[in-house]
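To keep things clear, I will list the structure first and then write my remarks on it.
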Amino acid sequence: MGTTILSDLGTEILIPVCALIGIGFALVQWVIVSKVTVSTDGKSSSSGAGADGKNGYAESLIEEEEGINDHSVVHKCAEIQNAIAEGATSFLFTEYQYVGVFMVAFAILIFLFLGSVEGFSTKSQACTYDSSKMCKPALATAVFSTISFLLGAVTSVISGFLGMKIATYANARTTLEARKGVGKAFIVAFRSGAVMGFLLAANGLLVLYIAINLFKLYYGDDWEGLFEAITGYGLGGSSMALFGRVGGGIYTKAADVGADLVGKVERNIPEDDPRNPAVIADNVGDNVGDIAGMGSDLFGSYAESSCAALVVASISSFGVNHEFTAMLYPLLISSVGILVCLLTTLFATDFFEVKAVKEIEPALKKQLVISTVLMTIGIALVSWIALPSTFTIFNFGIQKEVQSWQLFLCVGVGLWAGLIIGFVTEYYTSNAYSPVQDVADSCRTGAATNIIFGLALGYKSVIIPIFAIAISIFVSFSFAAMYGIAVAALGMLSTIATGLAIDAYGPISDNAGGIAEMAGMSHRIRERTDALDAAGNTTAAIGKGFAIGSAALVSLALFGAFVSRAGISTVDVLTPKVFIGLLVGAMLPYWFSAMTMKSVGSAALKMVEEVRRQFNTIPGLMEGTAKPDYANCVKISTDASIKEMIPPGALVMLTPLIVGILFGVETLSGVLAGSLVSGVQIAISASNTGGAWDNAKKYIEAGASEHAKTLGPKGSDPHKAAVIGDTVGDPLKDTSGPSLNILIKLMAVESLVFAPFFATHGGLLFKMF
């Protein structure tokens with residue numbers, strides 16, 4: 001088959017070195033952010049000497065009228081930051097206690113199910129795909145799958161937690177820097193996002209690489225068994241992400257809806273007003289939902305696409321001939337991705353400086369374009385040095401001959417499809433373009449027309465992303481079968497560090513705006529943080545677009561690996577077993593969305609009652625002479641989200657097990673296909689509808705254009721209609737939509753992990769008749 005230019009030793013050095021560079025870069029960014037001090041001793045927010053003014057510290061300050069040397073403002077910011085950080089930490093600890101119990105229980109389940117495939121025998125067995133060879137016993141797969149599941153789960157939890165810590169550390173620093181100008185605040189928020197992006201990408205890669213090398217000590221030449229056991233890593237990552245996303249999403253939206261309905265609509269006070277009892281809970285929610293949830297979610301996607309590619313590669317010529325460098329091609333792509341993202345980040349922080357409000361969104365969009373262009377070169381390089389010129393890829397029982405340039409095209413197609421999805425999402429959710437402006441305009445005639453226009457926009461925004469996903473599937477499958485689809489998903493996620501940096505930037509800016517309002521800073525500063533936040537809203541929608549697009553590809557690749565592992569030769573839609581699975585699978589995203597939406601609704605109801613109670617019973621609250629009871633609102637959100645995240649989580653985790661055991665692998669293959677097809681559509685439309693409503697409201701509030709001025713100001717009838725649309729869209733864009741991409745990936749990876757058990761013992765109902 002030919003040798004590779006990069007030696008096995010080179011691969012063993014390159015991957016961990018790139019991961020460590022990523023971690024090092026994240027720490028450097030963190031040190032720079034920490035130079036902005038949030039304390040009232042001596043000088044205000046500009047300690048740290050001997051650095052250039054560009055990084056947002058150590059420069060002479062002229063704007064006295066902004067209250068830059070006002071210690072009381074800095075002190076207030078520090079207080080608010082502490083309250084947000086405490087709320088977020090206590091929520092995540094409570095959530096992780098519940099999730100930890102589930103993790104242990106599910107790990108035991110994996111061990112029992114997979115161990116029972118051969119009756120817990122310790123004898124070697126014939127290999128699944130090549131019965132002439134002997135492989136390690138099924139019991140070994142059970143043990144190592146359980147270990148990799150726990151590894152993935154712990155890494156996912158740590159990723160989410162670190163992200164939240166960094167975000168709560170950076171929010172007040174962004175607010176304080178906004179006093180010097182929008183450019184300084186942008187850099188602090190963006191650097192903090194980069195800390196999270198690089199830590200997550202590097203940790204995910206490093207843990208996976210170490211796990212493969214440790215497992216190899218036992219498995220030796222049995223690569224088929226080794227990489228089958230590694231799939232547990234993806235399952236662990238995504239199962240934690242599910243609870244993080246759903247729990248965090250319910251928390252943040254219960255607080256947000258409660259704060260908006262009573263504060264803005266009933267009491268006519270501005271967003272993030274310190275008199276609003278739910279305001280701290282709302283800001284905590286941004287960190288636990290959008291940061292910790294998103295971090296775990298993208299880590300899960302990354303882990304699963306790597307696992308799907310490795311499983312298929314292990315039964316192709318790479319695995320059969322033990323070509324270590326070619327085998328780790330997916331990890332090499334991620335390694336180069338970290339270096340590419342590092343270079344891309346420097347464009348935003350060091351090479352070009354944001355000076356005006358209108359430069360914020362283009363600066364973030366440039367990040368996507370630059371990383372995609374550079375990554376295309378990176379992929380070409382990796383494909384040239386790490387792949388033999390020709391090789392074979394397993395394609396449902398036969399080996400298909402593939403050339404290295406074809407694999408480069410597969411990864412490239414995924415990468416560029418991601419960019420297209422990102423830009424289409426931006427077009428439909430940014431208030432710089434006509435779709436959102438039309439939605440804002442429809443608010444003239446009330447909330448009903450706003451809702452109609454918003455829903456139509458969401459449905460319409462599905463068209464181009466679906467074509468992009470369809471074309472990338474067709475191209476990559478034609479070239480390299482299921483392996484092509486898995487590496488296309490990896491291509492889309494290869495710039496994950498930049499994607500996450502842009503994504504985390506949004507909630508950090510949102511929090512910064514909230515802190516500015518609560519600390520009573522001037523109108524000009526609030527305008528700057530609002531501008532940062534509006535750009536962050538659009539980039540968050542772009543991040544969700546990436547997550548959903550990659551989830552579709554990952555899910556399909558895992559589906560292919562599952563079908564191969566379960567020994568199904570073809571999935572025939574015309575057989576009743578498969579067709580009933582398709583119908584039920586297509587229904588699951590609706591059931592899941594109904595659960596999450598209703599959870600947000602019932603939690604918001606409790607929040608609204610509590611906020612009303614405080615306004616009615618605490619004397620002097622509206623006048624600003626008394627302080628509200630923030631802690632009670634935080635407690636309501638925490639309790640509601642922990643309780644409500646369990647049913648949707650159970651639905652996703654138990655469906656594959658019940659279907660596989662009772663109805664067998666054919667019906668399960670139908671369920672997976674059905675949930676993939678309907679889940680992607682609902683996820684895209686829900687995310688974009690919610691994003692559009694939110695930005696339509698911000699468009700009216702900002703009043704930046706003549707058109708917007710005719711709809712405003714805050715408190716006008718069109719503005720009230722926009723607030724209602726935004727409130728309806730909140731659970732869509734931050735709870736149901738983003739959680740759906742985890743549903744489609746998680747069911748597929750879970751089916752793959754349990755495939756040996758389902759293939760041997762599944763389909764009990766059909767066996768009876």
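Any Cβ shown, glycine's included, is placed from N, Cα and C.
Unlike curated records, TrEMBL annotations are generated automatically.
According to TrEMBL, the protein carries these features:
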- 13-33: transmembrane segment (TRANSMEM)
- 98-117: transmembrane segment (TRANSMEM)
- 137-164: transmembrane segment (TRANSMEM)
- 185-212: transmembrane segment (TRANSMEM)
- 368-386: transmembrane segment (TRANSMEM)
- 406-429: transmembrane segment (TRANSMEM)
- 450-475: transmembrane segment (TRANSMEM)
- 481-502: transmembrane segment (TRANSMEM)
- 546-568: transmembrane segment (TRANSMEM)
- 574-592: transmembrane segment (TRANSMEM)
- 645-665: transmembrane segment (TRANSMEM)
- 742-766: transmembrane segment (TRANSMEM)
Cβ-based contact of the transmembrane segment (98-117) with the transmembrane segment (742-766), 3 or more pairs under 8 Å: yes
Considering the transmembrane segment (185-212), which listed stretch of 13-33, 137-164, 368-386, 645-665 counts the most C-beta pairs under 8 Å: 13-33
Cβ-Cβ under 8 Å with the transmembrane segment (137-164): same-chain residues at least 6 beyond its ends: 88-89, 92, 96, 99, 103, 106-108, 110-115, 117-118, 120-125, 196, 199-200, 203-204, 207, 211, 215, 218-219, 225-226, 228-241, 244, 287-288, 291-296, 299-300, 303, 504, 753, 756
Region pair the transmembrane segment (368-386) / the transmembrane segment (13-33), three or more CB pairs under 8 Å: no
Cβ-based contact of the transmembrane segment (742-766) with the transmembrane segment (450-475), 3 or more pairs under 8 Å: no
For the transmembrane segment (481-502), distant same-chain residues with Cβ under 8 A (at least six beyond the ends): 22, 190, 193-194, 196-198, 200-202, 294-295, 298, 301-302, 305-306, 308-309, 312-313, 316, 329-330, 333-334, 336-338, 340-342, 344-345, 364, 367-368, 371-372, 375, 378-379, 393-396, 400, 402, 406-407, 410-415, 417-418, 472-473, 475, 539, 542-543, 546, 549-550, 553-554, 556-557, 560-561, 564
Remote residues contacting the transmembrane segment (546-568) - C-beta distance under 8 A, at least 6 residues beyond either end: 128, 228, 231, 234, 294, 297-298, 301, 304-305, 307-309, 311-312, 315, 394, 396-397, 414, 417-418, 421-422, 465, 468-469, 472-473, 481-483, 485-486, 488-489, 492-493, 499, 665-666, 668-669, 672-673, 676, 680, 683-684, 687, 737-738, 740-742, 744-745, 747-749, 751-752, 755-756, 758-759
Same-chain residue ranges lying at least 6 outside the transmembrane segment (406-429) that approach it to Cβ under 8 Å: 329, 333, 365, 368-369, 372, 375-376, 379-380, 383-384, 387, 435-436, 457-458, 460-461, 464-465, 468-469, 471-472, 475-476, 479-480, 483-485, 487-495, 537-538, 541-542, 544-546, 548-550, 553, 687-688, 691-692, 695
Other parts of the chain folded back onto the transmembrane segment (450-475), taken as Cβ under 8 Å at six or more residues beyond its ends: 409-410, 413-414, 417, 420-421, 424-425, 428-429, 435-436, 438-439, 442-443, 484-485, 488, 545, 548-549, 552-553, 556, 680-681, 684-686, 688-690, 692-693, 696, 721-722, 724-725, 728-729, 732
